[in-house]
Amino acid sequence: MLRLLASGCARGPGPGVGARPAAGLFHPGRRQSRQASDAPRNQPPSPEFVARPVGVCSMMRLPVQTSPEGLDAAFIGVPLDTGTSNRPGARFGPRRIREESVMLGTVNPSTGALPFQSLMVADLGDVNVNLYNLQDSCRRIQEAYEKIVAAGCIPLTLGGDHTITYPILQAMAKKHGPVGLLHVDAHTDTTDKALGEKLYHGAPFRRCVDEGLLDCKRVVQIGIRGSSTTLDPYRYNRSQGFRVVLAEDCWMKSLVPLMGEVRQQMGGKPIYISFDIDALDPAYAPGTGTPEIAGLTPSQALEIIRGCQGLNVMGCDLVEVSPPYDLSGNTALLAANLLFEMLCALPKVTTV
């Protein structure tokens, strides 16, 4: 089930970019439906008329709904870090990402994307996870996402540790069959088990392979790096047909050519984007649980996500933001921007 955010959460669209709200309290209006094509779509409020600190702490200050009905896409928080192996704190990621999203606008001048003129978008609050039982949390996540996907709504997820991608992909595969995967991360997350446990943030994609959730010939992992306990830590991945792009193969270069190859590999079938913030160098994203040096840059992250435009993206997540290690808030700010870029890359988003 989905749970609304803290008290004061309302549902319905906020004031449009060109609309001036009444003086005094900021009150979102009634919910709109995508079925009414001539009806105005939800719009984040313009700072020209509504001060950034004003309103409910939702993603981009969008309306908060309890149901995915009528939505083309939605932001969902999964505040879970029970599966972490090093630094905790990712359970606070969704809240902090939402806080930092107030700086985001409604259009993307760099790509020409007009997401809020193309899609009905809202914030669906958080999945009500069980912090004391990881298996039960995964069940709750899967059930919540099955409802979201069944409604025809594309989920954009605020994590949470990387364990959450496993139940999300269970829900995705239930509707779409095995999906392609663009996985941006410092780690492959295909370890079989740790301390006897097969369910944690280092193993989600191993579990996905075990259950046939992935179209393994359409899995690309970018940004992989770090020390290991073996000299060939990527043998399993390559044996499954994954393409593994190491971080050092990305150093000092544009990733636009790489993403051209990725688009050809993915084709027109459904794909899922899973972005671990530790793919980025800790100079840019220190607030994460398992940082690795010599990572990607923010501009490369933009090239990767923008390179997905035109693909059949059925869902996205941004995981592993740990606010206790993000003293400046820059990691969450970066995460919020990357989620906006994912929204802009979704199918049916108009570009000019």
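Just so it is clear, glycine is given a Cβ too, placed from its N, Cα and C backbone atoms.
Annotation source Swiss-Prot lists transit peptide at 1-35, citing sequence analysis. Residues or ranges marked as Mn(2+) 1 binding site by Swiss-Prot on the basis of sequence analysis: His162, Asp185, Asp189, Asp276. Swiss-Prot lists Asp185, His187, Asp276, Asp278 with the feature Mn(2+) 2 binding site, giving sequence analysis as the kind of evidence. What Swiss-Prot lists as N6-acetyllysine is Lys193, Lys217, and the listing cites similarity to another entry. According to Swiss-Prot, the feature N6-succinyllysine maps to Lys217, an assignment based on similarity to another entry.
Local packing around the binding-site residues Asp185, Asp189, Asp278 was summarised as the count of other Cβ atoms within 10 Å of each Cβ; on this measure the leading residue is Asp278. Of all the binding-site residues in the list His187, Asp276, Asp278, the shortest Cα-Cα distance to Lys193 (N6-acetyllysine) is found for His187. Taking a C-beta cut-off of under 8 Å and a sequence gap of six or more, Asp276 (Mn(2+) 1 binding site) has these contacts in its own chain: His162, His183, Val184, Asp185, Ala186, His187, Asp189, Thr288, Val319, Glu320. Ranked by Cβ neighbours within 10 A across all protein chains shown, the recorded positions His162, His187, Lys193, Lys217 are led by His162. Sitting within 8 Å of the Cβ centre of His162, Asp185, Asp189, Asp276, and not among those site residues for Mn(2+) 1, are the Cβ atoms of Thr165, His183, Ala186, His187, Thr188, His201, Pro204, Phe205, Ser274, Asp278, Ala279, Val319, Glu320.
Asp278 (Mn(2+) 2 binding site) sits 24 Å from Lys217 (N6-acetyllysine), taking the CA atoms of both as reference points. In three-state terms derived from DSSP, Asp276 (Mn(2+) 1 binding site) belongs to an extended strand segment. In the three-state DSSP classification, Lys217 (N6-acetyllysine) falls within a strand. In the three-state DSSP assignment, the secondary structure recorded for His162 (Mn(2+) 1 binding site) is helix. One way to see the shell of the Mn(2+) 2 site is to take the Cβ centroid of Asp185, His187, Asp276, Asp278; the remaining same-chain residues with a Cβ within 8 Å of it are His162, Val184, Ala186, Asp189, Gly223, Ile277, Ala279, Thr290, Glu292, Glu320.
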